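Undergrad: Can you keep this structure in mind? I'll have questions shortly.
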């Protein structure tokens with residue numbers, strides 16, 4: 001005499017297929033944990049024939065090409081959205097919440113864009129809106145931020161949030177290869193898309209960073225609030241210099257709160273080799289969290305892939321189903337405080353600067369004077385190469401980003417500086433111990 | 001017109017003090033998250049004068065020396081146990097659950113000893129029993145196992161579960177120092193107890209390993225079911241050999257399920273340097289989880305300390321308070337299936353063996369024959385030193401522990417083997433990618 005809760009699925013690509021497989025594979029355990037049998041009763045797909053041909057353990061007649069029919073179906077108790085994109089996913093989720101149906105989604109783009117509005121819709125309807133799978137795939141990070149650290153104060157979140165770029169940087173670092181070469185390899189192997197912009201440009205990581213920043217600091221941070229730089233300009237030289245100085249180069253999303261302002265940024269950084277994030281290789285993701293009482297935490301795992309994402313979705317489905325049966329709600333996002341976004345110009349950090357220079361007496365003095373004129377102090381400097389390939393490598397002390405940017409502008413205008421080849425931020429303050 | 005939920009605290013040492021501090025420091029956020037103000041109304045302590053003198057933000061009259069009075073007080077809605085030990089903590093918690101009061105505890109010893117009975121008491125009473133702080137301090141690991149991975153199948157858990165031993169092994173490895181020397185330093189610095197047995201003997205880790213094994217495999221594993229070896233016999237030579245072969249030495253708790261039998265063991269291992277756990281240094285803890293769909297996950301952070309533990313306790317308090325207000329229960333432990341415990345003799349792994357031998361022709365052949373006679377195949381062997389300090393270093397292929405133990409017995413009886421200096425398990429199968 002088990003109760004039955006009926007799931008409606010929006011989208012049935014590889015993640016959706018994984019969700020169906022997991023829900024039908026662990027029936028007894030899931031029933032024990034939720035207090036109800038979970039049945040997938042409706043699935044919206046683009047192509048009925050293709051969906052039926054996949055041999056998923058559901059009957060043919062659950063498929064429909066009309067996603068609204070899934071949401072509106074009075075037989076559907078819980079809606080799972082794995083179709084992706086802003087539209088029509090956003091409207092469908094809003095409607096499901098309005099109908100009092102809890103929603104589970106893996107849609108980072110949508111949560112980054114409309115999260116606060118959807119949290120509020122869920123609150124108004126008294127049901128759950130869960131999105132563990134939207135950030136860092138299988139890694140439980142939303143739940144720890146919303147629940148485990150609910151009584152603590154998070155001060156900083158640093159995440160390796162994109163598997164493709166971490167794969168590319170790992171290969172570049174271990175093989176001494178250049179960006180274009182590794183990207184081409186990654187595309188051939190299926191680790192990078194034909195159009196890799198969303199990954200290598202940092203857009204994907206920025207959406208996730210916005211979600212994490214909002215949760216960590218109880219405020220609203222949109223993807224467009226996140227300062228963003230990609231990895232396309234990273235060279236083998238940058239990685240070589242980093243290695244020599246005891247750093248690795250990683251594309252990270254960093255969210256922090258300083259004086260009631262929230263900073264959120266995605267860009268490549270020099271990270272000390274001893275930092276727990278430094279050993280995150282290949283396509284793995286990890287999120288490092290600093291909290292006042294808990295101290296340093298890190299969550300590591302597969303940030304993408306059909307089954308890891310499906311695992312996170314099903315964990316959420318079990319959670320919202322248990323709550324629905326008890327007419328309860330799980331942990332909600334905290335009060336959303338209005339906090340200002342800290343502009344990138346106000347960032348205080350160290351910098352690595354690589355300059356192609358004329359190999360002549362006085363260039364170092366000129367360069368040093370330019371830094372000094374803008375209030376940026378140099379911690380380390382040396383020359384590499386000679387003649388046409390002469391380069392100056394500089395590491396600054398902590399400086400204000402705005403001052404550094406002005407320095408770079410002035411350097412670029414100098415007659416004995418041929419080009420500013422690289423500028424990267426150095427996160428030496430984020431140590432493990 | 002906020003509702004108020006009243007907390008009764010059993011014990012008020014450094015963790016209890018931290019709980020009081022956190023609950024009174026983040027009042028608005030906590031109220032928003034739970035839907036009620038949380039007030040600490042009763043605290044059981046040993047010494048009233050000492051407790052009052054600590055200047056905690058509570059009035060003097062909340063303190064009592066009678067823990068039963070806290071549990072029985074009709075004004076107490078939620079009981080938080082941070083006194084530790086089996087007795088009277090166990091009886092007090094049982095009574096609180098019987099009275100329909102949810103309980104939060106940080107007591108690993110008790111949960112390892114009586115967990116299943118307490119889960120059942122909580123289930124019968126329809127309230128929560130939460131113990132995130134009992135395993136690995138601030139690291140959220142109970143919640144991920146109970147909730148995030150509820151729809152997945154965990155295949156293995158490997159944890160660095162004790163900070164003291166990880167600190168000692170890190171120092172031994174980085175300074176090339178011997179065990180006794182580093183232990184004495186650690187004791188002087190307060191990183192190790194005057195009587196370090198619970199830590200260095202693996203007892204503390206075994207209790208945590210039992211809790212993790214029970215949760216991961218939906219069964220009952222007691223601390224006494226966990227095979228246990230400590231680190232007192234580890235030498236600088238072992239660490240040097242490990243380093244040369246690309247390993248680090250870590251004390252880990254490993255729980256795995258093979259053919260419906262659960263193996264749970266705590267002992268030092270050779271772990272590949274590329275493994276995510278290998279870079280966990282000093283007093284940090286980490287738990288590595290392999291699940292069928294999610295793949296490899298790792299959770300890292302401070303496994304002990306007053307404020308990290310208090311942070312985990314308060315996370316749980318907020319959770320059970322929210323559920324109590326909704327007359328709901330959070331995720332419960334899954335059905336407890338009766339599964340046999342796999343004896344250590346049936347373990348299949350690789351081994352490192354260090355032998356002090358007579359430096360004479362034929363000893364290698366004799367040793368190799370002894371391994372072969374017991375069905376243990378040698379992967380690598382070399383001699384170190386000469387004369388009186390001649391040693392053979394051997395790494396085996398995967399072998400059955402029972403066969404290896406018989407081999408070791410036979411080696412110890414050989415006339416040209418002076419002693420079996422070290423035997424350690426090599427976990428080369430647990431790779432990150």
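Cβ coordinates are placed from backbone N, Cα and C, and glycine is handled just like the others.
Okay, so TrEMBL annotates it like this:
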{"type": "BINDING", "residues": "B:10, B:11, B:12, B:13, B:14, B:15, B:16, B:17", "note": "NADP(+) binding site"}
{"type": "BINDING", "residues": "B:108", "note": "NADPH binding site"}
{"type": "BINDING", "residues": "B:193", "note": "L-homoserine binding site"}
{"type": "ACT_SITE", "residues": "B:208", "note": "active site, proton donor"}
{"type": "DOMAIN", "residues": "B:352-428", "note": "domain 'ACT'"}
Undergrad: Nearest to residue B:10 (NADP(+) binding site) by Cα, among B:108, B:193, B:208 (recorded positions)?
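TA: When the Cα distances are compared, B:108 comes out closest.
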Undergrad: Have a look around residue B:10 (NADP(+) binding site) and count the other CB atoms within 10 A of its CB, chains all included.
TA: 27
Undergrad: Please state whether DSSP places the residue listed as 'active site, proton donor' in a helix, a strand or coil.
TA: helix
Undergrad: With DSSP, how much of the domain 'ACT' (B:352-428) is helix, how much strand and how much coil, in residues?
TA: 26 helix, 31 strand, 20 coil
Undergrad: Report, in whole Å, the straight Cα-to-Cα distance of residue B:108 (NADPH binding site) from residue B:16 (NADP(+) binding site).
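TA: Computed Cα spacing between residue B:16 (NADP(+) binding site) and residue B:108 (NADPH binding site) is 15 Å.
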Undergrad: DSSP on residue B:13 (NADP(+) binding site), three-state: which is it?
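TA: Coil, per DSSP.
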Undergrad: Rank the binding-site residues B:11, B:13, B:16 by how many other Cβ atoms lie within 10 Å of each Cβ and give me the one with the fewest.
TA: B:13
Undergrad: Would you list the other residues of this chain near NADP(+) - those whose C-beta lies within 8 angstroms of the C-beta centroid of B:10, B:11, B:12, B:13, B:14, B:15, B:16, B:17 - in sequence order?
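TA: Nearby residues not in the site list: B:9, B:18, B:19, B:82, B:83.
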Undergrad: Restricting the comparison to the binding-site residues B:11, B:13, B:14, B:15, B:108, which residue's C-alpha is spatially nearest the C-alpha of residue B:208 (active site, proton donor)?
TA: B:108
Undergrad: Looking only at Cβ atoms, how many others are within 10 Å of the one on residue B:208 (active site, proton donor)?
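TA: Around the Cβ of residue B:208 (active site, proton donor), 27 other Cβ atoms lie within 10 Å.
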Undergrad: Counting every protein chain present, what is the number of Cβ atoms, excluding its own, within 10 Å of the Cβ of residue B:14 (NADP(+) binding site)?
TA: 13
